[in-house]
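**Q** Below you will find the structure I want to go over with you.
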Amino acid sequence: MSAELIAVYKDEQIIDLESAKVLGLSDGVKALNGTEPIYFDDSPLALEVIRHSCAHLLAQSLKALYPDAKFFVGPVVEEGFYYDFKTASKISEEDLPKIEAKMKEFAKLKLAITKEVLTREQALERFKGDELKHAVMSKISGDKFGVYQQGEFEDLCKGPHLPNTRFLNHFKLTKLAGAYLGGDENNEMLIRIYGIAFATKEGLKDYLFQIEEAKKRNHRKLGVELGLFSFDDEIGAGLPLWLPKGARLRKRIEDLLSKALLLRGYEPVKGPEILKSDVWKISGHYDNYKENMYFTTIDEQEYGIKPMNCVGHIKVYQSALHSYRDLPLRFYEYGVVHRHEKSGVLHGLLRVREFTQDDAHIFCSFEQIQSEVSAILDFTHKIMQAFDFSYEMELSTRPAKSIGDDKVWEKATNALKEALKEHRIDYKIDEGGGAFYGPKIDIKITDALKRKWQCGTIQVDMNLPERFKLAFTNEHNHAEQPVMIHRAILGSFERFIAILSEHFGGNFPFFVAPTQIALIPINEEHHVFALKLKEALKKRDIFVEVLDKNDSLNKKVRLAEKQKIPMILVLGNEEVETEILSIRDREKQAQYKMPLKEFLNMVESKMQEVSF
């Protein structure tokens with residue numbers, strides 16, 4: 001079955017087998033006329049077809065179990081697929097095994113999946129009395145609607161789908177949630193069931209293992225266990241509290257970045273957190289981003305709490321006159337921003353309402369774009385390398401709706417391409433995916449569980465310099481408009497630390513660990529030596545804790561291990577008398593002894609090993 005053809009691919013579109021036969025693109029066994037075959041396997045294109053059909057299998061099973069069920073949409077998404085529906089019956093996660101069993105029953109029937117094309121009038125008649133399907137049709141232009149059938153079940157859908165339910169053997173329903181109709185909180189709440197499907201048993205097994213591993217590594221769970229951060233309902237949703245250990249971790253990253261930024265010619269700046277609405281009107285945020293902002297009124301003047309740092313940095317630029325000799329100007333700020341996120345999308349540190357960006361804005365001439373972007377790419381590589389992340393880049397080009405001259409866009413886009421080429425970086429192109437004011441590069445990192453995360457962005461902006469009438473004096477003594485490059489490598493400290501926590505499972509590398517060394521005196525007489533050693537380590541900028549509670553030695557060691565501290569030193573008579581330390585080293589997965597002076601030199605060297 002693994003070699004069976006299930007669809008073809010042409011012009012960036014998946015075409016299922018039935019449609020491909022009609023179009024002369026397949027004979028049912030092989031792809032024809034220059035199309036790419038899609039076989040039944042765990043490749044991305046095949047999984048899209050498999051998961052789409054599994055969503056229909058889910059809907060068919062729900063209809064059999066709950067005859068009054070009505071269905072909205074059931075798309076393929078990054079985490080598998082889902083279906084939104086409603087029923088008068090109460091459904092909980094405890095019902096998922098029952099629904100899954102019914103899906104397996106239908107799959108074993110080996111039902112042919114066929115397609116029918118209806119006019120709008122016919123489709124409205126076919127789904128008469130089904131307000132959810134009518135809602136789907138109202139969002140679709142044109143007069144042709146696909147209806148897919150398997151057994152007695154049929155559903156409005158554009159496809160693509162498998163030719164038969166017999167292919168669906170390896171799937172799992174993963175969770176149940178609520179979802180507003182069409183994502184609009186003013187509409188009724190529907191039930192959403194998520195699932196995953198693969199062509200192979202191994203694919204499903206590996207995925208479920210990763211899910212279990214992800215649960216263990218969940219940053220919200222680790223945040224509590226390791227004392228990194230918390231949330232408080234009395235303060236408000238999406239507003240994290242950084243606890244001492246989490247703040248230490250964050251400060252270490254901030255300090256490493258600051259040192260590197262200064263060496264790379266960036267200047268620290270600081271803008272206010274509230275700015276008059278007048279400047280948000282000039283920037284365009286007031287018209288285009290207002291629903292994501294918070295506002296307040298002071299002395300009858302409206303102010304907006306900043307959702308981004310760019311306007312403040314523009315005002316720093318405007319605080320003085322500039323010539324071409326001053327450029328490029330690189331401003332950075334760990335800028336606290338606030339964005340009005342709906343409560344349903346808030347998720348630990350990954351999606352919050354207050355966060356701090358590692359933000360920088362570069363003001364340069366057009367000719368300097370490539371060299372500046374090249375320097376950012378070099379900086380990005382060093383940061384990702386330090387944290388053991390693999391990463392990929394995606395270049396987004398000019399969208400249909402955009403501002404600026406074609407030649408200017410082409411020149412800016414080519415500058416980004418040349419910078420990527422200079423660093424021999426393979427990159428994807430998102431045609432038309434750029435902002436209306438300039439091309440961009442997105443930085444996507446891959447964690448230890450092979451999940452991809454959007455973090456940093458390098459954005460060329462030809463809009464805000466125009467809106468704010470920015471200028472510098474060029475070599476001909478004429479006023480010229482600079483280009484503005486928005487640049488965040490981590491994205492936000494909150495999001496990056498969430499990803500970092502899950503990537504390492506809380507086992508942070510020594511150079512950023514919130515507690516780097518645990519000192520465990522065996523009894524009271526060893527406590528003085530532990531305190532002296534603590535002071536010596538603190539002078540070397542090491543985060544160290546003395547575990548001196550009246551517990552057994554084994555219990556104190558287990559506590560240090562549970563806190564995922566990289567180095568544990570047990571201090572007894574021998575260590576105090578000889579000053580030869582007994583070290584449990586998590587990173588080396590070894591226990592060894594080392595003279596005190598040598599140990600202090602070693603940890604000092606470890607702190608100097610990492611730089612961006």
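The backbone N, Cα and C atoms fix where each Cβ goes, glycine too.
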**Q** Given Swiss-Prot annotates H361, H486 as Zn(2+)-binding, which of C157, C310 belongs to that site as well?
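**A** Same Zn(2+) site in Swiss-Prot: C310.
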**Q** Can you tell me how many other Cβ atoms are located within 10 Å of the Cβ belonging to H361 (Zn(2+) binding site)?
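**A** Taking all protein chains shown, H361 (Zn(2+) binding site) has 26 Cβ neighbours within 10 Å.
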**Q** Taking only the residues in the region 'Catalytic' (218-509), give me the average pLDDT of this model.
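**A** Looking only at the region 'Catalytic' (218-509), pLDDT averages out to 94.
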**Q** If I restrict to non-local contacts, at least six residues apart, and a C-beta distance under 8 angstroms, what lies near H486 (Zn(2+) binding site) in its own chain?
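**A** The list for H486 (Zn(2+) binding site) reads C310, D359, A360, H361, T457, I458, Q459, D461, given in order along the sequence.
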**Q** By a simple count, how many Cβ atoms lie within 10 Å of the Cβ of C310 (Zn(2+) binding site), its own Cβ left out?
**A** 21
